[in-house]
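S.K.: According to Swiss-Prot, the record shows the following:
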ACT_SITE  Glu91  active site, proton acceptor
ACT_SITE  Cys331  active site, S-methylcysteine intermediate
BINDING   Cys111, Cys115, Cys118  [4Fe-4S] cluster binding site
BINDING   Gly157, Glu158, Ser189, Ser212, Leu213, His214, Asn288  S-adenosyl-L-methionine binding site
DISULFID  Cys104-Cys331  disulfide bond
DOMAIN    97-326  domain 'Radical SAM core'
Amino acid sequence: MYNLKDMTLEEMEEFFVNLGESKFRAKQLYKWIYDKRVTDFDLMTDISKNLRAKLKEIAYISELKIIERRVSQIDDTVKYLFLLEDKNIIEGVAIKYKFGNTACVSTQVGCNMKCKFCASAIGGKVRDLKASEMVDQVMAIDSDYGKISNIVLMGSGEPFDNYDEVMKFIKIVNNPYGLKIGKRHITISTVGIVPKIYQFADEELQVNLSISLHAPNNELRNELMPINRAYPLEELMKACRYYIEKTNRRITFEYALIDGVNDKKEHAYQLVDLLKGMLCHVNLIPINYVKEIGFRKSNNEKVMMFKKIIENAGITCTVRRELGSDIEAACGQLRRKYLKEG
């Protein structure tokens, strides 16, 4: 059975041509699926009964089931657990900002990157998500939480480790017949898979790129993020500079501050040296406490010291507000708790 949500508009046009139908049927189906949110072919009244019958035999339109929904009493952040068709479980998050609602989307079940501070890494990667499963997260959050205007691929998983499905997902949500979310309202976050950064730069999309950096030198980054052993900082920075030159777009560097690990003055100065002259922004993140890992966030005094050093060097810097700390909104936390409790 074909899941129609796994098809870009061009793929769906080809699908209908192969059925002996006109390719304009694809736009009709896209409208039913993404505008009217209809999953029952019998309700698609501008499509002939014969074609509806044929579609029921060979295709379906997926939906995600919400199995848990936690609302933060602090900031209205909502954490979702979704049940996939194969009974795997993934997380999504809805975040309210002044400029609109953001959906934080997972790209894999679990993650293989083994970052030492991340709950998603505990247990490793189970499998990649299909484009439809990413689309369904956005649509489920949109239906439950309210209109989604921004997407961040910062949930569980490494987007560039599932590159082709992520690119397909972007095409579907960005399509004017799809979810109509502008590319500049979509952000991809990567730990730094260098060949994929070059490939992504060459796509010349207007999608935002965020790099999970978290350490200013190779020794510390090797310890915190094993990906650095494959692609050390020199290679990562070279790829980032290529991306900026190719796209003329700013990169955001994410830096999770961990008490006593990467939050010293020397680390801030090393970070400044690393990013000097780049079109970039630094986003400091107070890390979420994960019991199995044991890292704790830096205190406010250290965060402000770190921020001041970066800003004094002429690099823009913000501190991300803590989101959903009362509902285990960090990557992988709620899923792991749910699986442990059975």
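Yeah, the Cβs are placed from backbone N, Cα and C, and that goes for glycine too.
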S.K.: Round to the nearest Å and give the CA-to-CA distance linking Leu213 (S-adenosyl-L-methionine binding site) with Cys115 ([4Fe-4S] cluster binding site).
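M.R.: Answer for this pair: 11 Å between alpha carbons.
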S.K.: Spatially, and counting Cα to Cα, which of the binding-site residues is closest to Asn288 (S-adenosyl-L-methionine binding site)? Options: Cys111, Cys115, Cys118.
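M.R.: When the Cα distances are compared, Cys118 comes out closest.
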S.K.: Between Ser212 (S-adenosyl-L-methionine binding site) and Cys111 ([4Fe-4S] cluster binding site), what is the CA-CA distance rounded to a whole number of Å?
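M.R.: On Cα coordinates alone, these residues lie 14 Å apart.
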S.K.: Between Cys104 (disulfide bond) and Glu91 (active site, proton acceptor), what is the CA-CA distance rounded to a whole number of Å?
M.R.: 9
